[in-house]
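**Q** Let me give you the structure first, and then I'll get to my questions.
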Protein chains: 2
Amino acid sequence: MVTIVWMHETALEPGKLYDLKLATRDLAGKVTAIDYQVDVNTLEQRHADHLDLNAIACCHVELTAPVPVDDYRTNPGTGSFILIDRLTNLTVGAGMIHCPLESELPYEYREHDSKARVVWNRTSVTQAMREQINGHAGKCVWFTGYSGSGKSSLANALEVELNRRGYHTMLLDGDNIRHGLCKDLGMSEADRTENIRRVGEVARLFAEAGIIVITAFISPFRTDRDQARALFDDGDFLEVHVDIPLDICEQRDPKGLYQKAREGQLDDFTGINSPYEVPKAAEVRLKTTEFNQQELLSQLFKIVM
Amino acid sequence: MVTIVWMHETALEPGKLYDLKLATRDLAGKVTAIDYQVDVNTLEQRHADHLDLNAIACCHVELTAPVPVDDYRTNPGTGSFILIDRLTNLTVGAGMIHCPLESELPYEYREHDSKARVVWNRTSVTQAMREQINGHAGKCVWFTGYSGSGKSSLANALEVELNRRGYHTMLLDGDNIRHGLCKDLGMSEADRTENIRRVGEVARLFAEAGIIVITAFISPFRTDRDQARALFDDGDFLEVHVDIPLDICEQRDPKGLYQKAREGQLDDFTGINSPYEVPKAAEVRLKTTEFNQQELLSQLFKIVM
């Protein structure tokens, strides 16, 4: 909200772009709405759709770029500006800032599909500010593959190497997350989808915190992985397919789960009685039978760092 | 797994504590199980429940403290040890380490109430290691209070100040989390409980990542907050009660929600038709009507930093 004094014979037009000089900054902006004009004799407020010479009015101004401003009462120097006609280069008005919009409304209405009534609370500390403290960007390294393919141990080895190099990391492991955040979910298709949905959201929060978050979940369904990917900016979601044939995972069977599934003790076991959809465009495909762990880590480093 | 050569006339007893010298370290430990004894003439493996003089056997050894060890084949110097009788101080045996247990089993069975079949995957990078990269401890600052009490803006102001001082922070805001992780949840009592349960779990993950995580949720139920607290080590969960009378929140009504609730348009609105359980032992109680924001932040800093 600003008070504008109009100083030119050509009337102020809402919606028209003017140049603004605000302290040392040159900007462009427009009056988006005239709240009311003030009668300088009676101090009455009245409706106006343009401002003639010497008119004073309370208006909303929108700038083409964000700029730090102050309230005029706090700091007149950085709380006032002049308006310049872009064609004639003449000073046509002067303004005093009352309250910058952001402090007026600390939230905004965003489109959402939440079951609750919610606004979006504006927060001041950004991902970029957190990344600056960290010294590196936040992103997500998403491992996918059969049970027993080696996701957890590769994810762990990757985290060890990143930590050793001073990167700030977090590991979200499928089994471990099911002890806490997702302990209410079983292995049905719907529960698996919800499991991956939550992990995607949490991973995004970690990336927002400027952390390299590593996830190790079977995540068998392509659409679930793609929905996780959609939460990230381009390049911040790195899908790693731990590509090892099912029969080798079954031979290894480190936790004895394949045997139980074959014996009919486990429903919905990926590869046996629940599908695994191979990634079509993973950023990395690790052929774990052909390379040793050090070679696999080198392949990962090429895309992570 | 270790191979032990027994060098004394008094037999090795599983379960008995011996002193071990391993490289430069003095430790105590016991043989928990003899897998098999090796016949030195035929190389046959046979069962044994003790080891006589000159016996060679594959055993499991448990130490009273964790210690870095190597595989004997990789590094004989730090992969071997001698056993000393604690009473006579005589060297009674020698051992070679085959595979430290951790690399043998990268997971363990932990008690859990998950609906899925899960193990606990051991991870190598710890909270302490992440905190070392960060330069400060991870913890949770948990704001609670009525809608409109100022939780979000105080949480935001706290994060700004912490970020300015170089602390690594993350803000989980009630409204914003309901756009993503908790968008499937409404405002019924059960859904509120699940909402806070998930937020507690995610906050714990952030603390594990070495981050000061700030949460701003109404979190009206005491048991829900206590369950979140229970996920943290003592002193790592700081409950902040934004204590402002309901009628003042209702006068402010920044989002117009109290009015809607009074008009019967909103069910389960805290303070109107859903209870708020005041914290009994919050670490901080902020009387927001009596102090300005700078004073409130000072009160917060005293417990956070």
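Each Cβ is built from the backbone N, Cα and C atoms, and glycine gets one as well.
TrEMBL annotations: computationally assigned, not manually curated.
The domain 'GTP-eEF1A C-terminal' annotation in TrEMBL covers B:2-98. The domain 'APS kinase' annotation in TrEMBL covers B:138-286. Taken from TrEMBL, the feature ATP binding site covers B:Gly145, B:Tyr146, B:Ser147, B:Gly148, B:Ser149, B:Gly150, B:Lys151, B:Ser152. Per TrEMBL, the feature active site, phosphoserine intermediate maps to B:Ser219.
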**Q** Taking every protein chain in this structure into account, which of the binding-site residues B:Gly145, B:Gly148, B:Gly150 has the most other Cβ atoms within 10 Å of its Cβ?
**A** B:Gly145
**Q** Going along the chain, which residues six or more apart from B:Ser147 (ATP binding site) have their CB under 8 A from its CB?
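**A** The answer is B:Ile218, B:Cys249, B:Lys255, B:Leu257, B:Tyr258, B:Phe269, B:Thr270, B:Gly271.
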**Q** Which of the recorded positions B:Tyr146, B:Ser147, B:Lys151, B:Ser219 have a Cβ less than 8 Å from any Cβ in chain A?
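**A** Answer, by Cβ distance to chain A: none.
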**Q** Applying the rule Cβ within 8 Å of the centroid of the Cβ atoms of B:Gly145, B:Tyr146, B:Ser147, B:Gly148, B:Ser149, B:Gly150, B:Lys151, B:Ser152, what extra residues of the same chain belong around the ATP site?
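**A** Same chain, not in B:Gly145, B:Tyr146, B:Ser147, B:Gly148, B:Ser149, B:Gly150, B:Lys151, B:Ser152, Cβ within 8 Å: B:Ile218, B:Val242, B:Ile244, B:Cys249.
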**Q** Mean pLDDT for the domain 'APS kinase' (B:138-286), rounded to an integer?
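**A** The predicted confidence over the domain 'APS kinase' (B:138-286), as a mean pLDDT, is 94.
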**Q** Quick one: pull the CA-CA distance for B:Lys151 (ATP binding site) versus B:Ser219 (active site, phosphoserine intermediate), whole Å only.
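**A** It is 11 Å, counting Cα to Cα.
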**Q** Which ones, of the binding-site residues B:Gly145, B:Tyr146, B:Gly148, B:Ser149, B:Ser152, have a Cα no more than 10 Å from the Cα of B:Ser219 (active site, phosphoserine intermediate)?
**A** B:Gly145, B:Tyr146
**Q** Of the residues in the domain 'APS kinase' (B:138-286), how many are helix, strand and coil by DSSP?
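**A** Secondary-structure breakdown of the domain 'APS kinase' (B:138-286): 59 helix, 28 strand, 62 coil.
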**Q** What is the total of other Cβ atoms whose distance to the Cβ of B:Ser219 (active site, phosphoserine intermediate) is within 10 Å?
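**A** That number is 27.
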**Q** Identify which of the binding-site residues B:Tyr146, B:Ser149 has its Cβ surrounded by the largest number of other Cβ atoms within 10 Å, counting every protein chain shown.
**A** B:Ser149
